[in-house]
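A.B. asks: OK, TrEMBL features for this one:
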TRANSMEM  156-173  transmembrane segment
TRANSMEM  208-224  transmembrane segment
TRANSMEM  261-284  transmembrane segment
TRANSMEM  335-360  transmembrane segment
TRANSMEM  372-392  transmembrane segment
TRANSMEM  425-444  transmembrane segment
TRANSMEM  498-519  transmembrane segment
TRANSMEM  525-544  transmembrane segment
TRANSMEM  556-587  transmembrane segment
DOMAIN    610-744  domain 'STAS'
């Protein structure tokens, strides 16, 4: 039984070195030596034990010898060892064309047409039995599964503490983010309540905190500002020399236009998210690279910080809230021109608030996080302290400090947002939906991986869409997951989305009872809270050096997106960033690594002769192209192939020194093998290019074959050959490069 101990001693990584002796003119291969691989597992099945350590299975024979090399021999079938010990493997088989291989191993291709396949899948998706109803409901309402498996004694305390912590932090942040969207503070409170409850019921993540988020609020604010400006420019009357009553009426009209725009764009964004979720389009965020997202968030942080400067200095009436290209330049121009008339009380309030917030968050919460069971709610402490000081000091009356004013109590009547002028911001709604989902799914996957559970991409898209779409009917503007609140939820001991239900109830209490208490809350204090809250987003800048060292193109994507977002505006920055990202893909496709490969002596491995110590091919050229073959790079593919192998009409002359014949030169036919292993797919232009090259080489009497083709690529090439009126030969496609070289050599 020593063979069992030998196998058990082997590790999961597999190593073999192979020597190839191509000596059989019939096309047989014999491989001796060691081949290295870490990927091929061995499925241990029932075997028959034979004397002398032999195992017989399905006509194959494995000999296991108790030696230092763990020698195993396999006849008629390739065997891959488990383990790190080096061994010797002998393989003997005939060379295969793709047709021979498919015939011997019974490849069955489905001939079902696309339309019947779609009908069959739709029928299956729409067919439901009584056994499917409950799993379906649990899938679209994950909260049911959470409650079903909830550990009340173990998790409820942590969820309640976390919910209270997140809720008290959400109070100041939601009102501040409403200001970013150019909306009254109460709409921030609404947006921190109903969408949170909806997302908790429908979301598949247990650790992400949905609600108001600075970047999304700012993007909504761009639409609100644009619609308000359009209304003011088209106003029938004149805004000069208005009576106090007329001015109040005008201000209310402008505010209502902004509210309608915010709710409408949020409603449309929610509808798009719901549609994408139902259509299983959650994969679209794959087109947003990490570098692009990082740059966009950083640029948004610059805009958020800049938007609060005028409030923290108390010169909000002197700095116009610009929009469009160069708006930050105009904003800071106004700031510096009017900084000498800053409100001293607002400046002192902002500075003191930021110092206290940084001291608590960084000096206490982060430094002593291992000792604190629950982080100190710095935002809420500063909010309450500042509110009390402002109220009893009568800052609004004595020092002309701007406060948020009256917050109406109660819940407004639900209504579908008006769609007047919605065509002008449909594009903004789509972008808001995609960016919001990208942030949400990124955080959800981080926590799902950390706590060993799964999240459904499309369900997350659907849940966010319902939260934003239905939330807009309930007077909420669009939101998404906020990373700082997720971190707070985790550190406070939160285990499930029950914690966010608790936080929503706290906000509901504020809406119903405590609204008037916030009348004297200073805008400058909210500005300070927002600036400190978004400060961690600037941490992406620290990774730029690392990004430069890893991938300079990603660095350029980051830089272009950031500069476009800051100098032009966020919406322009997004379009420029996405466009530049796709441009880099096109450019990269023109500079694909390709090589003319040679056989490594005594192996079946083919490597670039320019980068390895192997001889240049003289008879059979193996050309490797490491990219999909598309219309964007077919010319590059063709020119590189011709450069490596020579044009079809060129006859290769080789020396005969090694043959024992008198030294001289002779002419031999050249053969081309296209290694398709890295060509994952091709389009019609790529197939046409391959077919044309094959025709030209064969017209010159030279072989041109394909190896390692995927079935889809093989089918595409065969269709192109048939369209051109050609005949598909069994020798057009080989199962491996070595099979092709063996056949073409003899």
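Cβ atoms here come from the backbone N, Cα and C positions, even for glycine.
Nobody curates TrEMBL annotations by hand; they come from automatic prediction.
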A.B. asks: Considering pairs 6 or more residues apart, do the transmembrane segment (372-392) and the transmembrane segment (208-224) have at least three CB pairs under 8 Å?
C.D. replies: no
A.B. asks: Between the transmembrane segment (556-587) and the transmembrane segment (208-224), are there three or more C-beta pairs closer than 8 Å, counting only pairs 6 or more apart along the chain?
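C.D. replies: By the criterion, they touch.
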A.B. asks: Who are the long-range neighbours of the transmembrane segment (425-444) in its own chain, taking Cβ under 8 Å and residues 6 or more past its ends?
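C.D. replies: Same-chain residues near the transmembrane segment (425-444) but 6 or more away: 203-205, 207-208, 210, 213, 215-216, 219-220, 222-223, 226-227, 261, 264-266, 268-270, 272-273, 276, 282, 284-285, 288, 293, 296, 455, 457, 460-461, 464-465, 468, 478-481, 483, 486, 571, 574.
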A.B. asks: Where, among 208-224, 498-519, 525-544, do we find the most CB pairs under 8 A to the transmembrane segment (156-173)?
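C.D. replies: It is 498-519 that shares the most Cβ pairs under 8 Å with the transmembrane segment (156-173).
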A.B. asks: May I ask for the residues of the chain that lie six or more residues beyond the transmembrane segment (208-224) and have a Cβ under 8 Å from a Cβ within it?
C.D. replies: 166, 170, 173-174, 177-178, 180-183, 188, 191-192, 195-196, 199-200, 258, 261-262, 265-266, 296-297, 300-301, 303-304, 307, 323, 425, 428, 431-432, 435-436, 439-440, 443-444, 447, 464, 467, 477-482, 485-486, 488-489, 500, 503, 530, 533-534, 537, 569-571
A.B. asks: Using DSSP, what's the helix, strand and coil tally for the domain 'STAS' (610-744)?
C.D. replies: 55 helix, 28 strand, 52 coil
